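Colleague: From Swiss-Prot, here are the annotated features:
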- 124, 128: heme binding site (BINDING)
- 1-8: topological domain 'Cytoplasmic' (TOPO_DOM)
- 30-143: topological domain 'Periplasmic' (TOPO_DOM)
- 9-29: transmembrane segment (TRANSMEM)
């Protein structure tokens, strides 16, 4: 192999290794920031990872909202009409949050029936429902 070819091969291998390392770092960084979506049924079945930041969506169950006498703590249940989980949240709830409302909560699973939310998102108007919640609920109605 001539010195010119050897040098080109070395440069090519070096460039490929740098690109591979950069791609690996990007994928690692993206993995840290991904919030996967789960339904209450998937959480009850144990499919959701514990102690990882995820999203859960469903409908707020009737007569399930319990507010603390002092502070901003609130506890409520969300359902996908098959299973129900208890969500605890400390903070100000959105103005549109109410019973029978479709919501998405971000936070961590504490066990198979409890979820600690760090953020609660409610739908915007009477016709809007988060796409993940809509498809998950549609799947339950079909069954």
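Positions of Cβ are set from backbone N, Cα and C atoms, glycine also.
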Colleague: Quick test of the contact rule: Cβ under 8 Å, at least six residues beyond the ends. What residues does that give for the transmembrane segment (9-29)?
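Modeller: The answer is 1.
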Colleague: Same-chain Cβ contacts of the topological domain 'Cytoplasmic' (1-8) under 8 Å, 6 or more residues past its ends?
Modeller: none
Colleague: What counts of helix, strand and coil residues does DSSP assign across the topological domain 'Cytoplasmic' (1-8)?
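Modeller: Counting residues per DSSP class in the topological domain 'Cytoplasmic' (1-8), I get 6 helix, 0 strand, 2 coil.
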